[in-house]
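Below: one structure, written as structure tokens.
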Amino acid sequence: MKLPIYFDYSATCPVDPRVAEKMVQCMTMDGNFGNPASRSHRYGWQAEESVDNAREQIADLLNADPREIVFTSGATESDNLAIKGAAHFYEKKGKHVITCKTEHKAVLDPCRQLEREGFEVTYLEPEANGIIDLDKLQAAMREDTVLVSIMHVNNEIGVIQDIGAIGELCRARKIIFHVDAAQSAGKIPLDVKEMKVDLISMSAHKAYGPKGIGALYVRRKPRIRLEAQMHGGGHERGFRSGTLATHQIVGMGEAFAIAKQDMQKDYDHALALRERLLKGVQDLEAVTVNGDLDQRVPHNLNVSFAFVEGESLLMSLKDLAVSSGSACTSASLEPSYVLRALGLNDELAHSSVRFSFGRFTTEEEIDYAIAQIRVAVNKLRDMSPLWDMYKEGIDLNTVEWAHH
């Protein structure tokens with residue numbers, strides 16, 4: 001067993017060896033290294049064929065038309081293109097956007113930018129389990145609402161939003177619906193023929209593909225128009241200029257093809273691991289699972305251990321690669337804004353740890369983790385005067401602390 005054990009699959013996945021093998025074939029002189037936009041010779045034609053094949057593999061995962069797939073540098077760029085691109089194209093119709101407080105920064109920050117440009121954005125509060133109340137969403141919709149952006153699966157707590165129902169509400173009012181599916185594409189079924197979703201952001205590296213490549217699904221019927229954010233050679237039907245990275249695109253296509261083929265197997269494997277981990281730590285008293293446990297992807301377990309500082313716990317678990325808060329914001333010591341939005345107090349939000357596992361995680365690694373967590377939590381609580389007070393039955397919320 002290799003240490004430290006990797007439990008941060010929601011931040012990124014290792015590239016599947018089958019994917020890496022396909023990618024290497026698109027790099028060197030004796031491989032398929034051409035520019036897909038070079039239409040005058042065989043090197044370009046072969047590269048274009050590989051890109052078209054990958055486009056089909058990605059479309060296949062969504063049950064979409066390959067012409068609806070636009071390649072980008074990742075889900076962050078896809079989110080920016082979808083949100084700013086749609087808002088700017090349709091701004092004559094209205095300047096109101098709806099999103100949720102627990103979205104990824106790649107959605108919240110473009111929305112903040114739109115606010116600076118004169119748009120109005122409504123940030124919905126989720127319920128305590130992380131799920132959005134559809135009545136609240138419906139109440140927030142207005143005549144001038146042009147876009148709703150809601151993520152499919154949350155990166156910190158793994159809860160699954162009811163995208164199908166939200167899509168129905170949006171379509172009935174002719175509002176464009178964007179979904180950030182970075183954490184769900186390849187993990188749970190996504191069918192654009194069944195779901196009324198107009199724009200979907202995807203990333204390769206959350207599904208055992210390479211980093212630096214993603215895609216945006218742009219619906220053709222009814223046709224969705226976007227204002228390009230990247231200008232140049234007019235690649236990707238004008239949506240996103242820039243030479244296509246054949247090796248990365250081939251990697252993404254292969255990763256999504258494998259994800260489709262192994263989806264049930266991967267799902268069952270992750271669920272068994274999560275149940276094993278939760279069973280091993282849930283009797284540690286004052287343990288809270290953050291986010292709904294049923295409406296959730298099995299690859300994620302976000303737990304708060306009361307009276308234990310998250311940073312101290314991470315340091316004590318040096319043989320486990322886990323995260324406190326999400327990777328994109330965990331450089332700061334601020335408590336997770338996602339957990340705060342669920343109504344957790346600062347202490348519980350600070351004491352949260354996200355375990356995320358995947359295709360290459362083993363039962364042996366889970367058992368090792370359980371033993372490490374139990375030792376670390378008990379040791380840190382033994383050092384905590386607050387834990388002693390809690391054990392003595394003192395309600396800490398009623399204690400008046402002296403300010404120095």
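Yeah, the Cβs are placed from backbone N, Cα and C, and that goes for glycine too.
Per Swiss-Prot, pyridoxal 5'-phosphate is bound by Ala75, Thr76, Gln183, Ser203, Ala204, His205, Thr243; the candidate from Asn32, Asn53, Asn155 named for the same site is Asn155.
Across the residues the record lists as binding pyridoxal 5'-phosphate (Ala75, Thr76, Asn155, Gln183, Ser203, Ala204, His205, Thr243), the two Cα atoms farthest apart are 30 Å from each other.
Residue with the densest Cβ environment among the binding-site residues Thr76, Asn155, Gln183, Ser203, Thr243: Ser203, by other Cβ atoms within 10 Å. Looking at His205, Lys206, the recorded positions in this record, the fewest other C-beta atoms within 10 angstroms of the C-beta turn up around His205. When other Cβ atoms within 10 Å of the Cβ of Ala204 (pyridoxal 5'-phosphate binding site) are tallied across all protein chains shown, the result is 32. Only Gln183, of the binding-site residues Thr76, Gln183, Thr243, have a C-alpha within 10 angstroms of the C-alpha of Lys206 (N6-(pyridoxal phosphate)lysine). Around the Cβ of Ala75 (pyridoxal 5'-phosphate binding site), 28 further Cβ atoms fall within 10 Å across all displayed protein chains. A strand conformation is recorded for Ser203 (pyridoxal 5'-phosphate binding site) in the three-state DSSP classification.
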